[in-house]
Amino acid sequence: MADPKYADLPGIARNEPDVYETSDLPEDDQAEFDAEELSSTSVEHIIVNPNAAYDKFKDKRVGTKGLDFSDRIGKTKRTGYESGDYEMLGEGLGVKETPQQKYQRLLHEVQELTTEVEKIKTTVKESATEEKLTPVVLAKQLAALKQQLVASHLEKLLGPDAAINLADPDGALAKRLLLQLEATKSSKGSSGGKATAGAPPDSSLVTYELHSRPEQDKFSQAAKVAELEKRLTELEATVRCDQDAQNPLSAGLQGACLMETVELLQAKVSALDLAVLDQVEARLQSVLGKVNEIAKHKASVEDADTQNKVHQLYETIQRWSPVASTLPELVQRLVTIKQLHEQAMQFGQLLTHLDTTQQMMASSLKDNTALLTQVQTTMRENLATVEGNFASIDARMKRLGK
């Protein structure tokens with residue numbers, strides 16, 4: 001029996017099964033929930049494409065030659081993996097930089113310095129204090145230093161005598177080539193053809209390879225032609241006037257191009273000659289007379305047609321007058337005949353239903369007659385069997401009584 005102190009508490013359901021409710025999901029469904037997306041601007045959402053990453057690092061190997069990740073006791077640092085855009089050596093490694101590594105390091109440092117100077121130029125305000133290097137002057141010096149670095153890189157590729165202006169590298173290379181040719185000609189003239197057959201070839205000779213790209217030339221030529229056609233189309237669209245349907249002078253002046261429009265205008269202007277105008281005026285006078293005759297004939301024809309239609313309408317009304325008097329009686333008779341037709345249709349449906357019912361009853365009687373005949377035959381057979389059984393029982397009783 002329950003404790004009586006809980007008998008009169010509010011909110012207790014009596015004579016009902018106990019139900020324990022909770023807002024939590026079952027244990028099997030607790031892990032299945034949608035992750036709450038972070039909408040903060042401080043969180044950077046990075047979309048990673050696994051297929052692209054796999055294609056980028058496919059068939060790549062990590063070189064472990066010269067690497068040492070073991071612990072150390074001395075002051076010498078061990079060589080581990082180095083990562084970055086450029087391979088730059090740290091201090092104290094005891095490894096000498098190659099010229100390529102030194103050039104990349106200097107170029108990277110100049111780029112970092114340029115970025116810092118640009119930040120200073122945007123943030124620092126004008127001040128009255130005098131400085132030795134202002135951000136503007138420092139930026140100019142950095143640009144010159146970067147140009148020198150790039151020029152030194154080109155000198156390493158093209159030779160120590162390469163003096164190329166970065167503003168126009170193609171023109172500078174052409175000038176350099178002409179200077180080399182002039183120097184070669186002067187050296188040949190000074191030698192005077194005294195070289196012997198067994199003498200080695202002159203090492204100061206310069207060999208150039210000219211690479212022509214006809215596809216690039218064709219592409220640039222096609223681009224220029226397309227640009228010219230585009231400008232010509234814009235010019236034609238600007239000069240060409242839109243055709244006005246209300247203006248008879250502008251009819252037929254919508255040419256496909258500017259030349260066609262000019263030819264059409266020239267043909268129209270040539271049609272304004274005095275001799276041509278006299279011929280046109282004579283033709284217009286004859287045409288005007290014919291038009292007036294056609295208008296008069298058309299008016300007479302229209303009047304005759306109107307009179308004919310009026311006579312036909314009057315005859316139709318005369319024929320309709322006796323029919324109109326008998327129309328109400330005809331409508332009443334048609335309504336009565338409609339009701340008779342509906343009753344006849346219902347009677348026909350009843351006859352059809354009665355015929356169908358009679359056929360069903362006849363078929364049922366045939367089935368019942370067949371069943372009755374079968375039952376009578378079965379009863380006769382059963383009665384004969386019962387009589388035979390009683391006769392055999394009487395015979396046995398008589399034998400037993402004797």
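Backbone N, Cα and C define each Cβ position, glycine as well.
Small disclaimer: the values here were computed from a predicted structure and weren't measured.
Sequence annotations record features per position, and here Swiss-Prot assigns coiled coil to 99-132 (among others) based on sequence analysis.
As annotated by Swiss-Prot, coiled coil applies to 215-245 (among others), with the evidence given as sequence analysis.
What Swiss-Prot lists as compositional bias 'Acidic residues' is 18-27.
What Swiss-Prot lists as phosphotyrosine is Tyr6 (among others). Counting every protein chain shown, 8 other Cβ atoms lie within 10 Å of the Cβ of Tyr6 (phosphotyrosine).
What Swiss-Prot lists as phosphotyrosine is Tyr86 (among others).
Look at Swiss-Prot and you will find Thr134 tagged as phosphothreonine, backed by similarity to another entry.
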Stretch-averaged pLDDT - the coiled coil (215-245): 75
Counts of helix, strand and coil residues, the compositional bias 'Acidic residues' (18-27), according to DSSP: 0 helix, 0 strand, 10 coil
